[in-house]
Structures are given as C-alpha cells and as structure tokens.
Amino acid sequence: MTAGSVAAPQIIPIRIPPPGKAKHEIDSSTPVEIKSESPDVRVLYTLDGSKPELTKRPGFADSTLKYTEPVRLPVGKVYVKAMAISIDGRQSAVVTKVFVVEPSASDERELNAHDEDDSVKNDTAIDGKDVVENGTGVSSVKYLDISSNEAHRALKGPRFLSQRLGPGSSARLTAQNSQNQSADVVESPLKNLTNTQISRIQRETDFLRCPKCLSHRPSDPFARFCLHCGAPVPPIPGQRLPPTEGGQMGLCMHCKTMVPLNTAICVVCESPLDQQLQPQATLRLQDKFICHSCGTGNPAHITHCVTCESQLLRQARPVLSGQRAAPVPSSQGKMVSCSKCNRVNHSDARFCDWCGAKPGHKASSVKCSQCGASSHPYANHCGGCGVFLDGPPRMPLQVNQRQDAEEMQQTASAAELATAPPSVGLRMCADAQTQTVGLFFPSNTELKKRSQQREAELSRQEQMRDRKPLLTAISPGRGFWRKQLDHICAHLRSYTQNNTEFRALIGEPRLGRMISAVIQEDSYEVSLRINFISAPPEESRSSSAGQRSRSVTSESQNLSSVTEGRNSASPENNINTTGSEVKKKKKKKIGTSDVTENQPESKDSLLLKEVGPEGRGRIPAVQQLLDEGADPACLGKDGRPALVAAVLNGHHDVIPVLVQREADVNQASGPLKNTALHEAAALGDEGLKSVEILLGCNASIRKQNDRGQTPYDIAVAAGSSSVLSLMAAHLGQGLLLRHTKARSLSGLDTFS
C-alpha cells in the first residue's frame, strides 16, 4: 500500500467455520463485520451489487449504507461491496464479496409462526371481522392462499425498526410484516432485480418526466416532444381524444355510415370507434402541383410538367433551416422595459437580451411557424413537431415606428384607392425601407482581447526601441565612433542641465545645417568645434548676407566664450599658470581665428552665384540652396534680386522655382526700377522664353518703371515681333476673360 492511501476494508463473517461448508456459505443469523486498518475512516457498503457512492445521484435509489455495527444479510445470493473514506475525502478501493445466505432454524420457526398468523387473519377477513391488537384496528385485506413451500424464502421486515419505534409497536410491525410478506409473494419477479434495473424500469414507467433530460412532461396530452430538449416523449397510457361535442357525427370506416361520435361503438356494425378516432400523425397525403397549361397533376419533387414540360409555378413558403423554425412575425410593435436593467425589449420577448431576466408582464404562448402548434412561453422546442423555436429578431425602435407609420399610410392610401375606381394600366407599388447596418457592441471577451493585443504591441515596441547610452567617465575610443558620439551627446546633455548660463545661450539661436567640425587634440585636452548655419527668424528672412555673417560670428563668439570649467576665465586670472598652459591656449586661439577667416559663403551668395553669369542655373542646386535657408528675394551687389539676375543671364528654367518659393515676380529693382518682365522684353528675341514663363507666372504687363514705360513699350522699342505678338495675345486673352466675366454678371443681374 502506498503512503497516504486508505486501506481497503475487509468483509469478515463472525462465526466458527462449520465443517463441510465453504467460507462464503453462511446463514441469515451470522453477523458480518466490515472494518479497515486505516484509523479515523468511515465505511460505506451496499447489498445489491452496486458501487457505494458518497453522494446520492438524482433519480436513483439510495442503496448505500453506513456501517456502524455487524449486520445480518438477507436470504439468498448477496453481493456485498464496501469502501472506506477518510475524513479529508480520500477513498479506498472497492472490495466485493459474494455470500450465499441460507435461512437459519430460528428464521424457519418464525416463518411458520407468521404463516399461522396469516391463515388466522384470512379467516377473520372472510368472516368480515377486524383484527384488533393492543387497541389498534387494522383494515380487512384479502390475502391469497399460498403454500408454505413458495413463501419460505420471503424476505422479512426490518430487524432494527422495532427498537427505534419502541416496545409498543411490535404488534403493528407484526401485522405490517404479514402484509409485506404477502405483497412480496405476489411481486416475486421484482425481488431479484438490481438497483440499476429498478431505476431503468422506473425511468421507463415515469410518464410525468422526459426520459432524456428528466424535465416535466408537457401539460398538453397530445404533445409528442419535450419542450426543453426536443426528445420524443412516450404516449400517455390510455390516451383519449377530448370529448366530442353533442350532435357531432362521423363516418365509420367499416360500414361507411354516419354515426354519432359520442358512443364507444358503432350503432350499426358495433365496431369500436376509439381506434378510428386516434390521430394518424404518421400518414400524410402526397403533395401535387397542378399544371396551369394542361391541368395535369404532377408530383411535388419535380419542376416541369410530365405532360407538356412547362415549368410548374410553386407557392412561396417560408424557408426553414433543418430542424429550426423561424419566429412567427408579430403584428404588434409595442416595447416593454426590463424590470432589472431597464432594457427595452419586444412585448413578446421571453427573456431580456441584456441580463437574461424574464419579463415582468404576462407572456403568452409561443406558436410554431412550421406546424402551427402552441407551446409553453418558455419552451425551447415545439411539442408538436420537435423543431427548435428561434427567437424573434431584434429591431430598433425607430424602424418599428417607421414601419407603423408606413403601415398607417398604406392603409389610408388603400382606403382612398378602394373608393376611387381603378384606372386601366395603373401599376400599384409602394416604397419600403429597411435597415442594413446595425449597431455593434463588443463583448467583454473582445474588449479583453483588444487590451491584450495593445499591451503586447507596446511591449514589442519597447523592446525594439534603442536604449539610451549610459553616461560613462571615459569613452572607449579605438575606432568606435558610434560610442564616441553617444559619449559626446550624453556629456553635453549632462553639462547643459547642470550649467544654467550655457543652457540659456544654447537655447536662443535657430540652428540650420551643420557645415563643419574641427577636432584638436593634445596631451591634455580634446577640443571639438562644430559650426551650424544660423537660420534667421521669420520676420527677417529678407536680411542681407552681411547681417547673416555677423550673426554667425556673434554666435560663434557666444559659444566660444563658454567652455567647460572656464566660464569666467580672463587674462588676469591666469597670470600664475604654467608655460605649457599658456602655449596651449595660444594654439587654441590661433586655430579659432583661422576657422573664422575660412568660413564658407552664405547661402544667399551661393544662390546669386548660381543664377549669375558664372553659374549654370541648375534647378536641383537652386532647390537645395532654398531648402537650406537661402532667401529667394535676396539682392545682389547691384541691388537686383535673384529673379532678375536669372532673366538677365538666360537661366529661364529656375524662374518657376523662385516664384514658387515666394519670390515677387513684379519686384522693381535697378536704377530704372524695372521688373523681371521689363528686363526680359529689353532682351528681344533672346528673352522670348523668359517672357513666356513670366507671363505664365502672372507677371503684370501694365507695370511701369520710373520712366513710365510698360514691358510692352520696351518690347516695341526693342523691335521684337515675337515678343510683341506673345504679349498682345496674353493681353487680349485677359481682356476677353474680363469682358466675358462682365457679361455673365450682367446677364445674371438681368434674369434675377
């Protein structure tokens, strides 16, 4: 036996082994002891061969007994099964032992005495007298005269019941035992049945419950299926039809005579009428379809007539999916609120679709759409055909109200049409609306699933995100440039957070693209200088290149005046320094001045150079300079903008780029205050392409310079016929559009 297990009980008969008999052969007076070697256990046993059970199963007899003292077995072949159970619920193995119990000599004497008492009682009952013992009357019962050899193995009554009821009940028990013995003799075929067989017989003979789910039988006597599980229920014994009405007549199937149906037999041929009145649910006439062309009857399973082969017209019927019945459409659109959650449901709803509670109003019966039978309002299956009853579909309140209004409108229109004579060829139609998209409410499971997916996505993003570099005292060097940059950024951030003056200075300027970086290294320090383009503020984008260079110089002075650990350094404070330190500072100052002198040109100057006579007017280069902060309206040394310089130098491809970047196409410049179109017209045929592009960019032809000349006047003076025709065409098109717009406005005023 393993550790912690409960020892199986032992079944031992308490007797001296008689010679010539086996161990399992005992008599009815031999006590049988059941014990287990494990302490603090209780023993359960059965005498009908079934397994001992700790809890009683519903629908089965309680045959499990608790062992308290040695028991005596009844006469016959007895199967004793025992099991030990500990306090904490651990169970032992089930032990089975079979005994062949024979009646003892004392039992035979008691049985003979009871037989004599039975004969006396029978005589008394025949004479019509009552047997009175200890003042108690026992009603007369008719007993059968059974020979002693058939009743010598009858079971006796309870042995220990007299001790519990007291000494005064011995006479009553004697009379009851005699009655029970006589009844046992009559019901002898059920004596040797096991508990399982008795339960099966009880289940088969219990007509008030369903044999599958043990639910109550439908109250309708003609219901053939269970309302809860849909299983077929056995018919009630002696089922009868409801009583016929007075004067109801029917046709007798034997003599073909109309006879009254309220009689048991036919008054003519005396054949029974009960069998003829039984409903024949299994018999069904074959469906037929009549052909509209030739009038031939056709079977229901074909689609074309067997005679003329024309297509048969079938009647529309509800589509039923297998063993499910569609809900019957309700004509009432009333809604009822739930008493628990205040959810608005249909008036014919059996349960609330939110909380599942039953409605507080009185529910009517449920009607099956397949066979038309009425069932219990909370039935799951039809009692007539056994199909599953689907619930009514959920429809919004607005749709119901709209349908009610449409029905009322259709009713009113139908009444009007009924009074008026129908016109020939008028087709009656009505508009119908339906809802195709409904509201969606996610369930609790779907909400949990979404939150879990969101958390998993966040954790995955956290794992993929680059970790911030740790702030260390010394960088690795040796070519690890990524770690070097991380070291520089981390120390620069830490220094900026701890130094308020440097933090204020670094937060002021608007930095552009980094243009250069210089590193100087000696045995003591590593100097790093980084130069950025100073982006001008929004209000001063048209500043000159000289102002930009001065801002860059001032910014470099501000940044160089603040160094790590030397914020207030001056020549007076460094008098006592060593020679090496003075030499190092001189070297650093010399390097700084060289860098300042070798600063690159500004973006505006590079833009003017690109559109100037030395430049090539490349569109990508101009776009890059504009993206890096160059001003499209910047002025050159002669006071002319970049747009005019592009026209004069023949770079007409960059004109749309400058105009798109907010360059003024009508900006006047130069000594005569000419615009870009003036300069293009003065070039003659060489500036034809520039004139065409400027006119496409909405350059003004009526703009005058200081001499009062327009671009058209300058083109006339230059003698370029192509430029004149182009300007005339553009001017005429503008006048035509302006005149057309004026006419359209006047026409609208006239008709208004």
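From the backbone N, Cα and C atoms, a Cβ is placed for every residue, glycine too.
Residues annotated as zinc finger in Swiss-Prot: 210-270 (among others).
Look at Swiss-Prot and you will find 338-386 (among others) tagged as zinc finger.
Feature annotation from Swiss-Prot assigns region 'Disordered' to 448-471 (among others).
If you look up Swiss-Prot, you'll see 448-469 (among others) marked as compositional bias 'Basic and acidic residues'.
Under the heading region 'Disordered', Swiss-Prot lists 536-614 (among others).
Under the heading compositional bias 'Low complexity', Swiss-Prot lists 536-554.
Per Swiss-Prot, the feature compositional bias 'Polar residues' maps to 555-580.
For 600-614 (among others), the entry in Swiss-Prot reads compositional bias 'Basic and acidic residues'. Taken through DSSP, the compositional bias 'Basic and acidic residues' (600-614) splits into 9 helix, 0 strand, 6 coil.
Mean pLDDT of the predicted structure over the repeat 'ANK 1' (638-667): 84. What Swiss-Prot records for 638-667 is repeat 'ANK 1'.
Marked as repeat 'ANK 2' by Swiss-Prot: 672-703. In the repeat 'ANK 2' (672-703), the DSSP tally of helix, strand and coil residues is 20 helix, 1 strand, 11 coil.
Sequence-distant contacts of the repeat 'ANK 3' (707-737) (same chain, six or more residues past either end, CB-CB distance under 8 Å): 672, 675, 677-678, 680-685, 687-688, 691-692, 695, 699, 701. According to Swiss-Prot, the repeat 'ANK 3' annotation covers 707-737.
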Positions on the same chain near the compositional bias 'Basic and acidic residues' (600-614), where near means CB under 8 A and six or more residues out:
515-516, 533, 544-545, 548-549, 621-622, 625-626, 628-632, 634, 636, 642, 645-646, 649, 651, 654
Reported in the order helix, strand, coil, what are the DSSP residue counts of the zinc finger (210-270)?
0 helix, 10 strand, 51 coil
DSSP helix, strand and coil counts for the repeat 'ANK 3' (707-737)?
25 helix, 0 strand, 6 coil
So, by DSSP, how many helix, strand and coil residues make up the zinc finger (338-386)?
0 helix, 8 strand, 41 coil
List the helix, strand and coil residue totals of the repeat 'ANK 1' (638-667) as derived from DSSP.
16 helix, 1 strand, 13 coil
